[in-house]
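Database features, via TrEMBL:
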- Cys61-Cys78: disulfide bond (DISULFID)
- 92-241: domain 'Cupin type-1' (DOMAIN)
- His140, His142, Glu147, His186: Mn(2+) binding site (BINDING)
- His142, Glu147: oxalate binding site (BINDING)
Amino acid sequence: MELQREPSKASTDTLVHTMLWNEKVIEFNMKINYVLPQLFLCIITVLNYVQSDPDPLQDYCVAETRNTHNLFHNGQPCINPDLALASHFATSALSKSGATGNQFGFNVTLTNINNLPGLNTLGLVMARIDIAANGLIPPHSHPRASEVTILLKGSLLVGFVDTTNRLYTQQLRPGDSFVFPKGLIHFLYNIDPVNVALAVSGLSSQNPGAQISSVATFVSKPPIPDEILKKGFKISSQDVMRIRKNLGG
């Protein structure tokens, strides 16, 4: 009679190892099946937060500018669509030049829900830009919008800096256009020492926001501690005081 061999220790170890490995694979797959839907929901949520203004849910939403509510929310309530008029979608706000007597020599006139209520929820604004001779719109950014500018009169040097600190700059003549990507620091400088420059911009948000880098840094309220500015810009306390004074701080 032939005797049965007992399985060797090596084959037993291999079998145990295979079983343990299969259990780990099953456990891993279960975790993946749980995590992936959660990850997908997180991505969708983030995309909803970082995208531009939400799309309108109706043909138009003429802003109710007389509303005296005390709620703070993203956007402006609408009037009854039956009460909308052609005048809600037209404005002459950009027809007049703005005063350029400030320290930088520029003025920006924006359309908004007060002078153009029909743009509410449409995700854009227009801006008239007047820049005095040798005036400057200093380095600034729009945190919620890209901007495209067309020069109507004069001569401008424009540019922006990307996140690798590379400068893109271009001299514009009447009829030329230039686009500034969303959130990047950019500037517009009137290189003509005699004549005023006039430009018009379109921005991709109903409320693009604007932050002049130097003013935000040196004239914030409350002020950024001097030590931070000294180390960040490699300047002295006297320099900090001088810059603040020059910027009106």
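Any Cβ shown, glycine's included, is placed from N, Cα and C.
Curation plays no part in TrEMBL annotations; they are all automatic predictions.
Feature map: annotations from TrEMBL on the structure.
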| residue | record | Cβ within 10 Å |
| --- | --- | --- |
| Cys61 | disulfide bond | 22 |
| Cys78 | disulfide bond | 19 |
| His140 | Mn(2+) binding site | 18 |
| His142 | Mn(2+) binding site | 23 |
| Glu147 | Mn(2+) binding site | 23 |
| His186 | Mn(2+) binding site | 23 |
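Restricting the average to the domain 'Cupin type-1' (92-241) gives a pLDDT of 97.
His186 (Mn(2+) binding site) sits 32 Å from Cys61 (disulfide bond), taking the C-alpha atoms as the reference points. Counting residue by residue with DSSP, the domain 'Cupin type-1' (92-241) contains 22 helix, 56 strand, 72 coil. Excluding the listed site residues His140, His142, Glu147, His186, the same chain places Ser141, Ala145, Phe160, Phe180, Leu184, Ile185, Pro208, Ala210 with Cβ atoms within 8 Å of the centre of the Mn(2+) site Cβ atoms. Separating the Cα atoms of His142 (Mn(2+) binding site) and Cys78 (disulfide bond) is a whole-number distance of 26 Å. Comparing Cys61 (disulfide bond) with His140 (Mn(2+) binding site), their Cα atoms are 31 Å apart once rounded.
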